[in-house]
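J.: Take this structure first; my questions come after.
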Amino acid sequence: TPPDSQDEGVWKYEHLRQFCMELNGLAVKLQVCEAECNAESCTQMTATEQWIFLCAAHKTPKECPAIDYTRHTLDGAACLLNSNKYFPSRVSIKESSVAKLGSVCRRVYRIFSHAYFHHRATFDEFEKETCLCRRFTTFVTKYNLMSKDNLIVPILDEELTAGESEA
């Protein structure tokens, strides 16, 4: 919960920037081992069989290998979140700009879901070190930045409830 003097939009914005910076660590872990996540082993950005994600970094959204989707998504999030057009101030943020945060959250979350369902050992190692997916899930749930239907990485209810005071 933001301090009384803190604009809630800025609170959400700054937390999302931090999550994206930390998520680069998972992206690096996924590509360190050649057999882990590359254009040949993960030709699409998927989570479960029912989820294939299109990459918004292209003029027309299209399928990308998962590692490219990950890079494009994190680069795109950094560009948007550092954009003077949408976020000219870090003291207050227009509601129209705050509305863009949900879209960033959905795209970023797909990186967690791909890692969980396709690279579980790497996901578990990273999560054990950082609790980033749990913290991110708690955050987006608390601030209604994503539909719970899209939160497909199983985070235990008691963990989520216990973590809500941290966001």
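Indices start at 1 and increase along the chain as displayed.
Using N, Cα and C of the backbone, Cβ positions are placed for all residues, glycine too.
So TrEMBL lists these for the protein:
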- C37, C42, H114, H119: Zn(2+) binding site (BINDING)
J.: Using a Cβ-Cβ cut-off under 8 angstroms and a sequence gap of six or more, which residues of the chain neighbour C42 (Zn(2+) binding site)?
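T.: Those within reach of C42 (Zn(2+) binding site), by Cβ under 8 Å and sequence separation of 6 or more, are P65, A66, I67, H114, H118.
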J.: Same chain, not part of C37, C42, H114, H119: whose C-beta falls within 8 angstroms of the C-beta centre of the Zn(2+) site? Give them in sequence order.
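T.: What remains near the Cβ centre is L30, E36, S41, A66, I67, T70, A115, H118.
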J.: When DSSP states are folded down to helix, strand and coil, where does H114 (Zn(2+) binding site) land?
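T.: Once the DSSP labels are grouped into three classes, H114 (Zn(2+) binding site) ends up as helix.
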J.: H114, H119: which of these binding-site residues has the highest Cβ count within 10 Å of its own Cβ?
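T.: Result of the Cβ crowding comparison: H114.
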